[in-house]
Each structure stands twice: as structure tokens, then as C-alpha cells.
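Chemist: For 1-22, 81-97, 163-184, 411-418, the entry in Swiss-Prot reads topological domain 'Extracellular'. If you look up Swiss-Prot, you'll see Asn2, Asn3, Asn6 marked as N-linked glycosylation site, on the strength of sequence analysis. What Swiss-Prot records for Cys96-Cys176, Cys413-Cys416 is disulfide bond, and it gives sequence analysis as the kind of evidence. As annotated by Swiss-Prot, region 'Disordered' applies to 218-320. What Swiss-Prot records for 254-270 is compositional bias 'Basic and acidic residues'. According to Swiss-Prot, the compositional bias 'Polar residues' annotation covers 284-293, 304-313. Look at Swiss-Prot and you will find Thr446, Thr450, Thr465 tagged as phosphothreonine.
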Amino acid sequence: MNNSTNSSNNGLAITSPYKTFEVVFIVLVAGSLSLVTIIGNILVMVSIKVNRHLQTVNNYFLFSLACADLIIGVFSMNLYTLYTVIGYWPLGPVVCDLWLALDYVVSNASVMNLLIISFDRYFCVTKPLTYPVKRTTKMAGMMIAAAWVLSFILWAPAILFWQFIVGVRTVEDGECYIQFFSNAAVTFGTAIAAFYLPVIIMTVLYWHISRASKSRIKKEKKEPVANQDPVSPSLVQGRIVKPNNNNMPGGDGGLEHNKIQNGKAPRDGGTENCVQGEEKESSNDSTSVSAVASNMRDDEITQDENTVSTSLGHSKDDNSRQTCIKIVTKTQKGDACTPTSTTVELVGSSGQNGDEKQNIVARKIVKMTKQPAKKKPPPSREKKVTRTILAILLAFIITWAPYNVMVLINTFCAPCIPNTVWTIGYWLCYINSTINPACYALCNATFKKTFKHLLMCHYKNIGATR
């Protein structure tokens, strides 16, 4: 807080600069905003907790952002309201420094979370083959923890111990502001680092995100889903290993049959050489396969996803070898960056050469992936995630820009900004914490429905709300 209400030397003889009805109005408005902020962000946190469809990596970042906004609603808003209506700081220097440290740490954590959300979406869109492999809950937790720890290191020590570093406390009794903000160069530098630089980075990232998303949606619209080849020319990477002469049981005497099992794919006895799919992430709603050779035991293989097993029967005299390929696909689970997998197993005879074998595998993969391609989620899901990020980014810029512009002006001309304008600008930064939950609800129907169920106490099946 760069300027404060002037106080006398004892700081206790000051009366409020506002009239009684103005004080009542300020308290009512500020109290209402605080209450809405608290309720809204609690709804966000509870919704993510109880609704499994909201438990995605992207929403874990929103959960962290909601935690920061909740702290602002509980502490920062109410203490600043007290400071404003009374006209001086009545709680002493220790509480003042603790409040300022908490205020700036959580505010900076909000900015850091916004940066994380922007980078996460950017990598999802621009690196769909590699980034989702690294995009785990553990990684998200580490990034969130880093945002909070970095924010604490940047602000808390400087705010709490600056008076001891310089050897004197220059903040007068009855006032509460960050002491090192009296230095114009420091004020200018912190404004650049805390607002202008993050805004520039997030704006550039969003521009790339929007461009990539529009390009993808445009491409999908040009290609009718019914006529699309669900498998790209580079789908099968690497050659299928040629069958060897290991003796093992054959099929069912030339018959062709399909087996679809949920969870387990039983194997016949004997040694099997299997080409197992290497999980390689693809872009949203697409399928990719990468084959690598591995030996597998003849026991049951349990998977999280459905296992589809296709066997081509041969005469019992043929030496055969089992070949399997894992198809890694992407499902839309809210953040458009979640991989799933399906395993295709083929048994071929030793009489087939490598090219024929690979052609059979490719045809089977086409057959497997054709049906999911018809059920491809509409481009609106892609737009939903991008729209949410845009709403959060715009809310952040609109609410934080006035105060940070005033900070730069104050560096060169302190008397140019009236006290009331400072107060409004500072409050706008707080209002960002009130707006964020509304952004989630307006841009995400699942959040909106879950909020409604919670507010109306409809808890039945709330965990499955889409």
C-alpha cells in the first residue's frame, strides 16, 4: 500500500475521514464483497473435491487459485476495510506487517497460479505428444507448491525484516504500508515484476493458445468426421517384428474371432513375444501407436482400460507368434489433456512375411479406431478451456491494471493521486478474487451445475455431475 491516511504523531486522535452514512455504505459494500468472495471460492474448492469430473490437473491449479482468493476474502478485505473507515491503523506495527506479508504473498501466489495455468494450457496445445506424459497430479502439486514457496520468499522476509535490515522503522504509528515502498526504484521494480511482466507473458501465451486452438478446430471442421481416416499415415511407427519359429499353440483351425474383455486379457500357455505399445501422447481426440518389442509372461495382464483382443486363427501345424499393440488415445475429461489406452493383440502365422503382418496390424488398428473417431467430442470443449483462461486473464488485467498504473505514477508524482482513488484501485485488486469463481461458472457448465447442486443442497449424485 503505497500511500496511507495521514496520522498525527500518536496516531490515536484521528477521526474517520468519512461521514456516518458513508462509513455504513462502505462497510456494507465491503462486507458483501468479502462474503461473496468467501462463499464463491469455498464453492470452487468443494466442487472440485466432491465432483470427480472436476478432478483434473487444470482444476487443481484453479483449486490453488481459489485458496489464495479465499484468504484474501477472509483477511485482506476485512482488515483493509477497517483501515479505510477508521482512517488509521489501530492494531499496531506487528499485526500491520503480518497483514501486509499475508496480503502480498497470497496476491503474488494468485499471479503465479495464473501463470501456471497459462503455461499448462500452452504446452497442452503446442506439445500434445510429449507434455501429457509429464502432466501428472504429482507434477501439478510440485508446481503449485513452488508457486506458494516462491511467493513467500519474494515478499515475506522483505516485508517483515526490512526495518531490521536498514536499522530503523520509518512507518509512523497509525499507518500501515510496506516500508521499502518509500524507495521509488524499488516500487517501480516490484510493479514490473509482480504485474507487468506476468501480464505480458500470459498475453503472449494466450495468443499462441488461441491461435493453435483455432487452427485445430478449423482443421476438424474441414474434414468430415464420417470420412476421416482415424489413423494418420505415420500411425504405426517402426516395423512389426517378424514371427519366429517358437513352438506354441495355434488358433482355432482357420477361424477368425474377436474377444472383448473389460480389464483382463487371458493368454494361452507358452512363450509369447509381444510387440507392446509404447505410450506416446497425442493431440486431443487423436490416436497414436508406437511399437517396441518386449517379452511377456503367459499370465493375465490387467489394465485400467478395456482390452480388446483380436485373434486370427491358424492351423495347429503353424508356428505362430502373438503380437500386441497398445493404442494410446486422448479423452476429454475436462482439461482436454488426459490419455487413455487400448491394447490390440494379433496372432499371426510364421508363413506371413513382415509386410503382410504389418498390413494386418494396420487394418486392425483402423477397425479399432474408426468407431471412437465417430464419437469425437465437438470442438466446443476445446473452446471451453480456452474461453475460461481468457476470462480469468481479462479479469486479472482489468482489476489489477488501475492500481499498478497508479503505482508508476506515484513513483514520479506522489501528490497526483487522491487518497480515494488509491483506495478504489487497491480494492479492485481484491475484487479479482470475487470475480474468479464467476469466471469458472460462466465458462464451465460442470462448475455451474455443481455450484447449483451445492447451493440447493442437492447432494445426490453430485459426484457424477457433468
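Cβ coordinates are placed from backbone N, Cα and C, and glycine is handled just like the others.
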Chemist: Looking only at the topological domain 'Extracellular' (163-184), what are its DSSP counts of helix, strand and coil residues?
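Modeler: Computed counts for the topological domain 'Extracellular' (163-184) are 9 helix, 0 strand, 13 coil.
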Chemist: When DSSP is mapped onto helix/strand/coil, what comes out for Thr450 (phosphothreonine)?
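Modeler: DSSP assigns Thr450 (phosphothreonine) to helix.
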Chemist: Can you tell me the CA-to-CA distance separating Thr446 (phosphothreonine) and Cys416 (disulfide bond), as a whole number of Å?
Modeler: 47
Chemist: Do any of Cys96, Cys413, Thr450 (recorded positions) have a CA within 10 A of Thr465 (phosphothreonine), and if so which?
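Modeler: So the list reads Thr450.
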Chemist: Same-chain residues six or more away whose CB lies under 8 A from the CB of Cys413 (disulfide bond)?
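Modeler: Cys413 (disulfide bond) has no long-range Cβ partners.
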Chemist: DSSP helix, strand and coil counts for the topological domain 'Extracellular' (81-97)?
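Modeler: Its residues divide into 12 helix, 0 strand, 5 coil.
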Chemist: Helix, strand or coil by DSSP: which one applies to Cys413 (disulfide bond)?
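Modeler: Where Cys413 (disulfide bond) sits, the three-state DSSP reduction gives coil.
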Chemist: Can you grab the distance from Cys416 (disulfide bond) over to Cys96 (disulfide bond)? Cα atoms, rounded to a whole Å.
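Modeler: Per the Cα atoms, Cys416 (disulfide bond) and Cys96 (disulfide bond) stand 26 Å apart.
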Chemist: Could you check what DSSP calls Thr465 (phosphothreonine) once collapsed to helix, strand or coil?
Modeler: coil
Chemist: Return the residues near Cys96 (disulfide bond), defined as same-chain residues 6+ apart in sequence whose C-beta is under 8 angstroms from its C-beta, sorted by sequence, else 'none'.
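Modeler: Sequence-distant Cβ neighbours: Trp89, Val171, Cys176.
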